[in-house]
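For 20-516, the entry in Swiss-Prot reads topological domain 'Extracellular', with the evidence type sequence analysis. Annotation source Swiss-Prot lists ganglioside GT1b (d18:1(4E)) binding site at 65, 66, 67, 118, 124, 125, 126, 127, 128. Per Swiss-Prot, domain 'Ig-like C2-type 4' is recorded for 413-508. Summarising the annotation, Swiss-Prot assigns topological domain 'Cytoplasmic' to 537-627 and lists sequence analysis as the type of evidence. According to Swiss-Prot, the feature phosphoserine maps to 545, 547, 549, 591.
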């Protein structure tokens, strides 16, 4: 047997230390399973000058002093022992050979304790050795797990049981190792200070799933019912793995957002929430929330969760998308252009999701784009009709914002067709309506009189600017002859245009001039008729008083086409306008009535096809009197 084969080694060690003095050698501690036996190896020595004929010995329990009457475990002289050890103790060694090995059988827990040996050589040659052995009665195998078990690294777990009973030898097996991959088992017998230990070694590579796994070892004794089991839980260390995290998150501006990060690791990880390299929150925990109150578009972006411990780290990201209405659009580009130039205007905004962008002018859609943050408006060759106010509108499901901008188109003067002259008796009034940008200069030329009057001569010309329209009015008084030719000339830095102004109501002027002559002729004819009637009716005394008065000039016929966009009361405006024109054309002490049949235009920035409206705020005019 292995036990007997290795026992001489213990004796060799003891023999080498013999020095001819009182002394004993035995293991300081020894273990055995309950219900089995234990052999306590023992060797003693005494001085060489003592030559006893017979050597006796006594084993005591828990005390080395006889006067304390300790329980006698074994006594070679009388075989009288304490009742607890009756039938349980036996001396295996030969005291004559200084071998005091003791065998205890049918172990029970109360037998655990200290065992002392006393040598009896006869007479006064008795000696109780201070050396003793402590017996430990066990009932579970001892499973030894390394202090650090790391996932992915091979580990060795040992199961150790005492093997100090020569009559019963344990057999070891592992329990619960099926979930540990493909483990290998090795067995060996190990001697430790005179005691023997049966060892089973289990080799395996643990995983993170093995953390907390309950691993068992069983010691069974053949041909008996004795079985002893021991268990140990594996504490497997492994790096963090993030197992719980929000997917992409969408939130409306101003709402509350809670981001969760959960990780599995041993030991627990340090969890850190970060954004753009900045730490927002951290804690040693299995899960960590990041709460964002009333989120803004500035908090839109990618958030990272970092989990780390001494064995590694893991990280994941989540994208937070903050949904919000478009910001007020910004407009970059040309705001002033020359007629014929190409104009490029960029309207941009920011929103989530991207908006629908539209550019309007007078409720007409000029350009639009869907789900884009920028819109480019291209006008390849601008005209005066492109001048005006534009709107860039951005909208999505969360709101709408708009920005107005103006495009100013600069162009050469255009004298509108409603420009004309009107005459009544000795007064001529000329109206020149010019559309231009920038504001032009206006001059009236009378070729027959070799006279040129411009708008700076306020006593003759009145001018008023409204939007792109410039209205200049020239008043000529004392014109008794045929109406003069009047040429209106307008110029700015882009060009010059001239137009001979047509006359309206020229036939009325003619009748006004021949009116006195016609009255004289009519009077002569009337006298002749009266004389004839008098001669034929001599008996009739008829006194006729005939008077003829030329009367006032006939009323001037006004035929305006009054078109003012957005006017609340068209007819009231017409009456005010007529009164204003009468004041403008009024003679000294008279109210001349002229035929002014010209269109009225909206003084705002309207297309040229709209008519011109003369407002009642015009002042009194100076007169040019022609002798």
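Positions of Cβ are set from backbone N, Cα and C atoms, glycine also.
Look at the domain 'Ig-like C2-type 4' (413-508): DSSP puts its residues at 3 helix, 58 strand, 35 coil.
The Cβ neighbour count for residue 65 (ganglioside GT1b (d18:1(4E)) binding site), using a 10 Å radius and every protein chain shown, is 11. Cβ contacts within 10 Å of residue 126 (ganglioside GT1b (d18:1(4E)) binding site), excluding its own Cβ and spanning all protein chains shown: 14. Cβ neighbour count for residue 67 (ganglioside GT1b (d18:1(4E)) binding site) (all protein chains, 10 Å cutoff from its Cβ): 6. In three-state terms derived from DSSP, residue 67 (ganglioside GT1b (d18:1(4E)) binding site) belongs to a helical segment. Summarising the environment of residue 128 (ganglioside GT1b (d18:1(4E)) binding site), the number of other Cβ atoms within 10 Å of its Cβ, over all protein chains shown, is 19. For the ganglioside GT1b (d18:1(4E)) site, whose annotated binding residues are 65, 66, 67, 118, 124, 125, 126, 127, 128, the maximal Cα to Cα separation is 17 Å. If you take every residue in the domain 'Ig-like C2-type 4' (413-508) and average the pLDDT, you get 86.
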